[in-house]
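Peer 1: Provided herewith is a single structure, encoded as structure tokens, for subsequent inquiry.
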Amino acid sequence: MACGLVASNLNLKPGECLRVRGEVTPDAKSFVLNLGKASNNLCLHFNPRFNAHGDANTIVCNSKDGGAWGTEQREAVFPFQPGSVAEVCITFDQTNLTIKLPDGYEFKFPNRLNLEAINYMAADGDFKIKCVAFD
């Protein structure tokens, strides 16, 4: 998959927050934020789908270990709107990643790779990143 943004050597530690803010395109179908060790070792594949892959207004999360996808987790809460600005905050520990959505709703996704640091981020799709911050 071609990526709009790829960053490496992030060294995000447990408890630190990764904030990603950007604009959802007016004709958005989906976008992706991938976090992990490398492109084939992802602790989080975060994929809000407006209308893509048979899903509508659904957030699909997954992990990838050595290139093999895990089991998808779906979230029905969908605060994203085409043509709007959105911010997502992601923190993690040894057990879970916590994803805070633009409306303040939080959900957890298991840290299946047991990563102690997140060094890789990639973004793609119908989301123009304006700011990436570490808190």
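Even glycines carry a Cβ here, placed using N, Cα and C.
Owing to the predicted nature of the structure, the values given are computational and were not obtained by experimental measurement.
This is the feature table in Swiss-Prot:
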- His45, Phe46, Asn47, Pro48, Arg49, His53, Asn62, Trp69, Gly70, Thr71, Glu72: beta-D-galactoside binding site (BINDING)
- 4-135: domain 'Galectin' (DOMAIN)
- Ala2: N-acetylalanine (MOD_RES)
- Lys13: N6-acetyllysine (MOD_RES)
- Lys29: N6-acetyllysine (MOD_RES)
- Ser30: phosphoserine (MOD_RES)
- Lys108: N6-acetyllysine (MOD_RES)
- Lys108: N6-succinyllysine (MOD_RES)
- Lys128: N6-acetyllysine (MOD_RES)
Peer 1: Relative to the Cα of Lys29 (N6-acetyllysine), which of the recorded positions Lys13, His45, Arg49, Gly70 have a Cα no more than 10 Å away?
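Peer 2: Within 10 Å Cα-Cα: Arg49.
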Peer 1: Given the modified residues Lys13, Ser30, Lys108, Lys128, which one's Cα is the least distant from that of Asn47 (beta-D-galactoside binding site)?
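Peer 2: Its closest listed neighbour, by Cα, is Ser30.
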Peer 1: Using C-alpha atoms, which one of the recorded positions Lys13, Ser30, Arg49 comes nearest to Lys128 (N6-acetyllysine)?
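Peer 2: Closest recorded candidate to Lys128 (N6-acetyllysine) by Cα: Ser30.
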Peer 1: How many whole Å apart are the CA atoms of Asn62 (beta-D-galactoside binding site) and Lys13 (N6-acetyllysine)?
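Peer 2: Cα-Cα, rounded: 20 Å.
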Peer 1: I'm trying to understand the geometry here, so how far is the Cα atom of Lys13 (N6-acetyllysine) from the Cα atom of Lys108 (N6-acetyllysine), in Å to the nearest whole number?
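Peer 2: With distance taken Cα to Cα, Lys108 (N6-acetyllysine) is 17 Å from Lys13 (N6-acetyllysine).
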Peer 1: Let me check the 10 A CB neighbour count of His45 (beta-D-galactoside binding site). How many other CB atoms are there?
Peer 2: 20
Peer 1: What Cα-Cα separation, expressed in whole Å, is found between His45 (beta-D-galactoside binding site) and Ser30 (phosphoserine)?
Peer 2: 12
Peer 1: State the count of C-beta atoms found within 10 angstroms of the C-beta of Gly70 (beta-D-galactoside binding site), not counting that atom itself.
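Peer 2: 16, counting other Cβ atoms within 10 Å of Gly70 (beta-D-galactoside binding site).
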Peer 1: So what's the average pLDDT for the domain 'Galectin' (4-135)?
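Peer 2: Summing pLDDT over the domain 'Galectin' (4-135) and dividing by its length gives 95.
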